[in-house]
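The feature ATP binding site is assigned by Swiss-Prot to Gln87, Gly105, Glu106, Gly107, Lys108, Thr109, Asp524. The Zn(2+) binding site annotation in Swiss-Prot covers Cys930, Cys932, Cys941, His942, and the record cites sequence analysis as its basis. For 907-917, the entry in Swiss-Prot reads compositional bias 'Basic and acidic residues'. The region 'Disordered' annotation in Swiss-Prot covers 904-928.
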Amino acid sequence: MIGAFARKLFGSSNDRRIKAYQARVAAINALEPEVAALSDEALRARTDEFRAQLAAGKTLDDLLVPAFATVREAAKRTLGQRHFDVQLIGGMVLHEGDIAEMKTGEGKTLVATLACYLNALAGKGVHVVTVNDYLASRDAGWMGQIYSFLGMSTGVIVHGLDDGQRQKAYACDITYGTNNEYGFDYLRDNMKYRLEDMVQRGHFFAIVDEVDSILIDEARTPLIISGPLDDRSEFYNTIDTFIPSLDKSDYDVDEKQRSVALTEAGMEKIETLLRDAGQLKGESLYDVENVSVVHHINQALRAHTLFQRDKDYIVRNDEVVIIDEFTGRMMQGRRYSEGLHQALEAKEHVTVQPENQTLASITFQNYFRMYGKLAGMTGTAATEADEFYDIYKLEVVEIPTNLPISRLDEDDEVYRTQAEKYAAILAEVERANKRMQPVLVGTASIEKSEVLADLLLKNGYKQIDFGDPKGLDKLYAAARAGKPAKLFAVLNARFHEQEAYIVAEAGVPGAITIATNMAGRGTDIKLGGSLEMRIPQETAGITDEAEKAAKVEQIKADIERFRDIVLNAEDEIEIEPAKGSKPAKTAKRPGGLYIIGSERHESRRIDNQLRGRSGRQGDPGRSKFFLSLDDDLMRIFGSGKLDTMLTRLGLKEGEAIIHPWINKALEKAQQKVEARNFDIRKNLLKFDDVQNDQRKVIFDQRIDLMKEDSVVETVTDMRHTYIEDLVAKHVPEHAYAEQWDVAGLKDELHRVVGLEIPVDEWAKEEGIADEELLARIVKVFDEHMAAKVAQWGPDVMRYAEKSILLQTLDHLWREHLVMLDHLRQVIGLRGYGQRDPLQEYKSEAFGLFQEMSAHLREAVTAQLMRVEIIPPDQPQELPPMEVHKMDPNTGEDEMAFANVSLAPADSVDKSARDPNRPETWGKVGRNEDCPCGSGKKYKHCHGRYA
């Protein structure tokens, strides 16, 4: 109460911040006449002037006012668009490294040019992040006209570019690209072996468009570069055949937590099925040998009970393709991890692809936190302001609209069943279509969009493609005639390619568009249709300039007329009179785009995004949600009580309840879900930060190594430290000579480096100390390496040292990632022992990292001591420069130490092998027993270093 009064009296913190920008806005406006008087050449020359001022000691903040005035003038001359005052404020928010919340149609794309230009003056590169390739290409080409006019270069990063093209794009002053491309380029760069092969040049400043989608919705999604493991498709198919045998009483499903678990009866049934199929080892399902089987049973259960076809994924071209729950878009190339994707493939009877091993990974949370300055734009961020600040230290600033919003957001209509709800939606669509009002129906899944499409088809409507000129001609003809044509388009993951065109024409009179969630986000829906879309499409192939000009004028007249029709498509509804009062009155509902939501999403933000498609730039509009007690949100969060209440109220079939209280109750349910999801993301980030800290150490180490011409000091230090650790292990400090494990030390030295070092004889010498023993071993190792340098030459050995060090580091880092994944999966169980899983994970992950570092010293030392260089005149088969190449039979990574040939001898008669002389072994298969007699597989013994 007091807070509300204070806000009314003094204004909110947001109001005060907006007010603080007004002085700079006034200064920019005051410069406008002066800048407008400049010639094109003089305006372009200001870029060099600003750079000179920066070099002389001025800051970017000092240059903000003249730089913004320059960009505004350049936009007027190139695009015919002038930045509004509120857009200048948006640009200032972005420059300060915060989030500008700007409503749909307020020109976020144009706003970004202000902060991009100003920060690009520093010469360190500015990255603009979009949600798909289409928007990246569109915005780079569109806004690139401003940058080019001012003498700045623009690059675009999209799927399918080679490294050379990517390097050129990143070298530009301003680079546009998708979040996926930026993240994967970073991971790929950190798998390169030469600095000149890397494509990115640092992380100075990024502006993230649709920042809520990328930093909130996709925050939990890790970017993973992986390589295939061994093929277990038959195993997945076998496991899948067991699931239909289970009854609902055999497992418990928790939809809120998205988890499923076998009951006691279910376990017994599965045990019997596994035993009969020969897949059960030992006596019980929960014996240690069956841990993997239990995991895959659980994944198969999840695939069948928690994941729905056409909602969570679709099947296309013999593949299971994930559907983004927030946008309804296909996530081509993305796969669920830990065997879940294979379980879905087995469920749908498509080809089961091999599981993958993680080679490199990072979450969007950690990738974007690497930038020195991060900013974002979106139409809906206020509901997630706490999360943006807690995780990214980004403040959300709500930018006022240029014109007041005149959209009417009506209360929800709640029906008892889905059938009643769909009937009400159909009736509402028909009423709107009769008055030529365009309608956008938002659905939460492909399945729901197709249910509505079927309903329209059964009621005399025809489905067309708004991206197809023939379909659009029918829509335009009906609009010109002022008669509804009963045509509709569907926009979901199945029709992703035509997304922008379908959305752009959703504002044509009589258009009915069914869209999953926020598909088509980033493309404005303009009342009457899109001039930018129609002109290129309808003038293509017209060569005569006069004919072309006439066509353009006709399109403009069309759109102006269509806009008037839509603006006047008002709805008159009767308001029931109170008892004893006069007859019913009528009230008008505005025209414009009518948004119909077919159900509430878990997040208020997604609902607000849907509403925000209507009422752009002061246009009228209308939005309403139609709900049923069968909807996921209502069902999961207590629809039983509501159903009882509605029954008691005497709600009849087909009737709806409409009340602000219902809206408030739903909002509270959504807030609970949002809070839970925030906690999940925050907790996951704490765990990922552990791996991220280690990732930074490894990636920084790789960069440092690649910068060095010679790593001889590094490998020498590693060699000496390895020897010190080995001697300390077998010859403890202050121990008596009789307590020394001399035999163990000698065997270990021979096993690792293949040298016969007489440590047993040295140990027998009177008065020898452990320091002397260590010094002699170090001397032998150093002399051995010096001999190799003398034999092959310093340049060759420097190359070998660097290659072996980098590739061994990569190989061990990949193995370490697998270990961390395994640790992460089981660490939660520590909570049952009253121990904090996060602290346990930190401690054990640090221990594993230390082990990896020790293993790195050992492996690099072993390889360099054994390395043989193939002379140039001999044929050599170097593996291609790939990240990985998996053996299809064993699943082993053949690229573990790629591009440094250790020159294995040809296979020899096994009987001629001397266990103590590796040079007599010839080529040994990785799965053979090691010829040294240890009893281990070669790949786990001497082959570990070969």
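Going from the start of the chain as shown, residues are counted 1 onward.
Note that Cβ sites are derived from N, Cα and C of the backbone, with glycine treated the same way.
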CB-centroid shell, 8 A cutoff, ATP site Gln87, Gly105, Glu106, Gly107, Lys108, Thr109, Asp524, site residues removed:
Met102, Thr104, Leu110, Val111
Neighbour count first, Cβ atoms within 10 Å, every protein chain included; then name which of Glu106, Asp524 tops the list of binding-site residues.
Glu106
Using C-alpha atoms only, work out the spacing between Gly105 (ATP binding site) and Cys930 (Zn(2+) binding site) and round it to an integer in Å.
69
Cα distance (Å, whole number) from Cys930 (Zn(2+) binding site) to Glu106 (ATP binding site)
69
Quick one: pull the CA-CA distance for Cys930 (Zn(2+) binding site) versus Thr109 (ATP binding site), whole Å only.
63
As a whole number of Å, the Cα atom of Gln87 (ATP binding site) is distant from the Cα atom of Cys932 (Zn(2+) binding site) by 73
Between all pairs in Gln87, Gly105, Glu106, Gly107, Lys108, Thr109, Asp524 (listed as ATP binders), what's the biggest Cα distance, rounded to the nearest Å?
17
Near Cys932 (Zn(2+) binding site), how many other Cβ atoms are within 10 Å of its Cβ?
21
In whole Å, note down how far the CA of Cys932 (Zn(2+) binding site) lies from the CA of Thr109 (ATP binding site).
66
